[in-house]
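Before any comments, here is the structure.
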Amino acid sequence: MLGAVDWHTAQPMRQRRGQDQRPQPSTSDPVGRLMPYTMVELCWKLSICFFCYQVVSGRVTREGHYVAAVYEHESILSPNPTALVDRQSALELMGRNLDIYEQQVVAAARQGAQIIVFPEDGIHGFNFTRNSIYPYLDFVLHSEFVKWNPCREPYLFNDTEVLQRLSCMALKNKVFLVANLGTKQPCEPTDPHCPSDGRYQFNTNVAFNDDGTLVATYRKHNLYFEYAFDTPPEPDYKFFDTPFAGKFGMFTCFDILFFEPAVNLIRQYNLKQVVYPTAWMNQLPLLSAVEFQQAFATAFNVNILAANIHHPTLGMTGSGIYTPVKSYIYHNMESYGGKLIVAEIPVITADYDTNLEINERFRDNLHDSCKTSTSGSMDDQVCFKEGEEIPGRVSEKGNEQLPPIFYAEMMYDNFTFVPVWGEKGEVHVCANTLCCYLNYRRAVLTDELYALGVFDGLHTVHGTYYVQACALVKCGGLSFSTCGQEVTDATAVIDFQLWGNMSTPYIFPLLLTSGITLDFADHMGWKNNHYFISKNRTSSGLLTAALYGRWYEKD
């Protein structure tokens, strides 16, 4: 069983169901009180004591598991990021953030963490110009052939004060450490990509092992209006090895929405653990941080250690430790201050298929016969024979008026919607080549409007990328014009099955419930050229249930 671990509050093992049932020496008999333990009893007691000692020392985990930590950081920002300052002033501001980092590394190590991840922009901040960020940049040699320990060898390069502090944190606390910082690298005029000022400036992730050695650097490829930084000439495919969970891949924030390098990295190197610094601005109903981070972990069957920045006034929150089937998350738009998350999770091995690999095999054999079941669940109703009319295309009675189609903006895209009325029913809606179908049943009929929406097209606001989406969403009010608005609370508990004739195997299942909490589908997968997701009774009021498909080839 997975569980968050707080070694500060760990207690010695006790009998949880009644008292110890093993024979006890008589307290009234002096001989009984002095009776020596049997060898079995003695070994049992010693093993319990050893276990408790190791838990307190913070380094023993269950076999096949590791303890991870992420820190959502409320960074101390420059009051005027466009102003030019000297290196010493930049180091003073960054030092205040690094002081907080050091406190959190110590706290995580005390709880047994073997690896800790910090967010994007957490050390230097954001909204710089190319010139104003320069004093905040460390020099990093992006080479896999140079092994360097900045804590032990601070004299090798100039302008590496931030790297030195991070390296020493890892070394002193014996943890792997991943952080994000700005870096600089000189380039020659003969380099056709070299900027006019003669240097590259990169948004960079760095990873240190538990000896403080720099073991990996990753330069962010998909920049999000980050004019201070350069895009690397070629995508980085970077990972590092650990003794407790094998290889961890690295990418940053906006990268998660694109094939390069995130998807290609995971597929090419068959990675099962990912570290993910981000500075993500939440956008409901389909792209809140915790919602999509979980969907990515589920889609690729990976563990993700995601650390977001914490600035609620900018919509920035949402960090977590995610497995494909469970998550430990933090989303807080109400209060300020950082948050450390520590959890013990299972190592995912390369023997398991990703959902994506399963999806692609289904799409290679789209006309397989339909599997049947006698369970009587809603899952069976997606199972239709080829050529059979799909439920929801016509009304059951033939003369019943179908729900009206309407249009509304959601996620800056023009979605086509149909209302989801009544206690139960079946509806469908289409756009371009994509048709979405919904079979639903509400536990209790509430005064809330839901709608089923479809979008099949190129998203062009705050990035350009092709999306296929089928989404059941709660509307902001009772009028159609409120569908697609950002909503954070709901009361309707819904059984549903949602499916669509998706054209891409890259499908991210979203299931978000009231209060920006996560739920998990009962079943998902391909059936006769349609991808489906089903859930019998959501854990709380439903905000979003969606199939978010990324058609990378059409970007």
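Cβ coordinates are placed from backbone N, Cα and C, and glycine is handled just like the others.
Per TrEMBL, the features are as follows:
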type: ACT_SITE; residues: Glu120; note: active site, proton acceptor
type: ACT_SITE; residues: Lys220; note: active site, proton donor
type: ACT_SITE; residues: Cys253; note: active site, nucleophile
type: DOMAIN; residues: 80-347; note: domain 'CN hydrolase'
* So for Cys253 (active site, nucleophile), how many other CB atoms are inside 10 Å of its CB? -> 26
* To do: Write down the Cα-Cα distance for the residue listed as 'active site, proton acceptor' and Cys253 (active site, nucleophile), rounded and given in Å.
  => 7
* Structure fact -> Students should find that the Cβ of Glu120 (active site, proton acceptor) has, within 10 Å, a number of other Cβ atoms equal to 27
* Whole-number Å distance between the CA of the residue listed as 'active site, proton acceptor' and the CA of Lys220 (active site, proton donor)? -> 10
* To do: Give, as a single whole number between 0 and 100, the mean pLDDT over the domain 'CN hydrolase' (80-347).
  => 97
* Structure fact -> Listed in sequence order, the residues of the same chain lying six or more positions from Lys220 (active site, proton donor) whose CB sits under 8 Å from its CB are Glu120, Phe202, Asn203, Thr204, Asn205, Glu226, Phe229, Phe251, Thr252, Cys253, Phe254, Asp255
